[in-house]
Amino acid sequence: MDVKNGAIDTCKPQHTDVGCLPTVNAVTIHNPAVPLNSPEPTLGRHLARRLVQVGVTDVFGVPGDFNLALLDHLIDEPGLNFVGCCNELNAGYAADGYARAHGVGACVVTFTVGGLSVLNAIAGAYSENLPLICIVGGPNSNDYGTNRILHHTIGLPDFTQELRCFQTVTCYQAVVNNLEDAHEMIDTAIATSLKESKPVYINISCNLPGIPHPTFSREPVPFFIAPRLSNKMGLEAAVEAAAEFLNKAVKPVIVGGPKMRVAKACDAFVELADASGYAVAVMPSAKGMVPEYHPHFIGTYWGAVSTAFCAEIVESADAYLFAGPIFNDYSSVGYSLLLKREKTINVQPDRVTIGNGPAFGCILMKDFLAALGKRLKHNTTAYENYRRIYVPEGHPLKCEPKEALRVNVLFEHIQRMLSGDTVVIAETGDSWFNCQKLKLPKGCGYEFQMQYGSIGWAVGATLGYAQAAKEKRVIAFIGDGSFQVTAQDISTMLKCGQRTIIFLINNGGYTIEVEIHDGPYNVIKNWNYTGLVDAIHNGQGKCWTTKVRCEEELVEAIETATETKKDSLCFIEVIVHKDDTSKELLEWGSRVSAANSRPPNPQ
C-alpha cells in the first residue's frame, strides 16, 4: 500500500485491462473526440482530462465547500458529466455499480464529513476488486502544518484522520497539497487503481484546482500502462503439472469464481471449458461471468444451497479446478463445503496451487487457462453424469384467483422478462437466492455484492450501472429493509432519466437476518413505498409505481413496465408474507447461524 503526501517519487509504468483499454504492449490512452487544449493548464483540468482518457464519463458525488472549485473544472471538461447524489454513501455505491458496467468508476466528495460517509462504499468496492477513483476536496494547502482547527473535522489540528481511514480500503493514497508533484501523484493514483483493480484515494487541496503549472501540459501526454506478463518457465511448469493432475482424473469439473473479473479471464475460462469437455459450474458471486447457455453448464455451486444437481457433481468429482474462488463463510455456507484440498487446483489471478502443493507464482490466470486448454484430454464424464441424474425443474403451484402472491411465482414471471437487453441486480437478502436460480440468456448481465454484503448497496449500484449501460434495462430486486437505508437516490435516477425496473420485496423486515438469528430488531416500520417514490417523483421525470398483491396484478404490472412504460422508471412494490422465503435461504441461514454461534476454543 502506497501513500504519497507532497513527495516526489519515480513514477513507474502501470498496467490495466480495464474498460476499453487494449491488452497489448504499452498503450496510449487518448480520446480524440475530446478537445484537450486548455487556455490554462491547471490541476483541475488535468484530473478531469485523465478521467475522460481512462474511460470515465460520469462522476458521482455530493458538493461541499472543499470540493466546489474542483467540481467547476470537472463539469467544464467535455465528455465528463457530474451526477449529484443525495448522499456520499450512495455516490460511492453508484461509482461501484458504474465500475462493474464500465470498467472504472469515480466519485467526488468533500473533506472528512464526505470522505467518512463514502468510506463504507469504498470498502465494498475494495472487497469486490473494482477500480474506483475516490476524489476528496481537501483543506487549503496553507493550513497544513499550522496547528489550526478546521470545520468538517473532529476538532483536532490533525488532517490525517480521513487518510488513515482510507489506507486500509484503498491500494494507493495521494494527498495533493502542492503543485510540484501533483501531476505525478494523480497519474500514479489512477494508473495504480487500474493496475490493481482496487479503489484509490486522491485528496486535492481546495485552493489548487484552478492554478496553472508547467507540468500540466496543454498537449495530450501519452498515458503509458505497461502490461503484466506471466513468467514463461513458471507458466509451462504449472500447465504441465495441472494437465497431469487433471488428465489422470476420471470425472473432473471446473468452477468459475468471482476473481475471474479482476483477472480478465472469463473468455479464457470459456475456452478451457470448450476444449476440455468438463462440466462447468460457477460460484454464486461469479454468476453472470460464464455464459449459462454453454452446453456443459450445470449451474451454481454453493454447497448445500447449490442449484439442482450441481453440488452432487462437483463434490463427487475426483478433481476440480476453481478459477478465482473466494471461500468465505457465506460462499462456503458456514464452512460446510464437501471439498478436499488434495483434489483441488486453485487458480488465483497471479498464482496456481495444485492440491496440497506445488504452487506456482507470477502466472496470470488468463494465460494459464488458455495454455491448459491445449494440454487437456477431452473428458465429458462429469457432464454425462449430470445429464443422467438431472430432472427438469417443476413449476410452482398455480395460484388461485386473487391468492396472495408467492415469491416463487414472482420469479417464475421474472424469468420470462430476461433478455440480452437486461441486467439483474440482486440486493443482499433473499434476492440472492431467488436470483441465483434465474437462467441468464445470452447478453444478460448479473451483479450482486456477496463478499461485503452491505444492505442498501443495490439502490446506488443500480443508479451507477444504469448510468454506465444506457443500452440495457436494469431490473433490480431490493428488500424493504435494504431500501430504507438508501432510498433517496431514486431521485437521482429520475433526474438522470433512467428506465430501471425496481421490484421492492415488502415482507416486513430483514428476512435474511431472521433466518440467521431472529429477534424483534429484525422487524421494521412499514412504509408506503410507492407513495414515497411518488413524492420523490413530484411530477418531474418519467416514473410509474404500483403495488402488487396477487399474480394477476403482477402480470399486469410487468406488462405495463415492459410496454407502455418501457421508457420510464418503474417501481413495483411486491407485498409477500413475512415467512415466504426460498428453501435455500432457510438452509443457508441455519448453517451460517451455526458457524456464527460456535463456542470459544478451550484456552
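Using N, Cα and C of the backbone, Cβ positions are placed for all residues, glycine too.
Automatic prediction, not curation, is the source of TrEMBL annotations.
For 42-147, the entry in TrEMBL reads domain 'Thiamine pyrophosphate enzyme N-terminal TPP-binding'. In the domain 'Thiamine pyrophosphate enzyme N-terminal TPP-binding' (42-147), the DSSP tally of helix, strand and coil residues is 53 helix, 22 strand, 31 coil.
Note on the domain 'Thiamine pyrophosphate enzyme central' (239-357): DSSP counts are 40 helix, 25 strand, 54 coil. Annotation source TrEMBL lists domain 'Thiamine pyrophosphate enzyme central' at 239-357.
Feature annotation from TrEMBL assigns domain 'Thiamine pyrophosphate enzyme TPP-binding' to 449-574.
Gly509 (Mg(2+) binding site) has a Cβ environment of 20 other Cβ atoms inside 10 Å. Sequence annotations record features per position, and here TrEMBL assigns Mg(2+) binding site to Asp480, Asn507, Gly509.
Annotated Mg(2+) site Asp480, Asn507, Gly509; additional same-chain residues within 8 Å of its Cβ mean position, judged by their own Cβ, are Gly479, Gly481, Ile505, Asn506, Gly508, Tyr510, Thr511, Ile524, Lys578. Close to Asp480 (Mg(2+) binding site) in the fold, though at least 6 residues off in sequence, lie Leu504, Ile505, Asn506, Asn507, Gly508, Gly509, Ile524, Asn526, Trp527, Tyr529, each with a CB less than 8 Å from its CB. Of all Cβ atoms in the shown protein chains, 22 besides its own fall within 10 Å of the Cβ of Asn507 (Mg(2+) binding site).
The predicted model assigns the domain 'Thiamine pyrophosphate enzyme central' (239-357) a mean pLDDT of 97.
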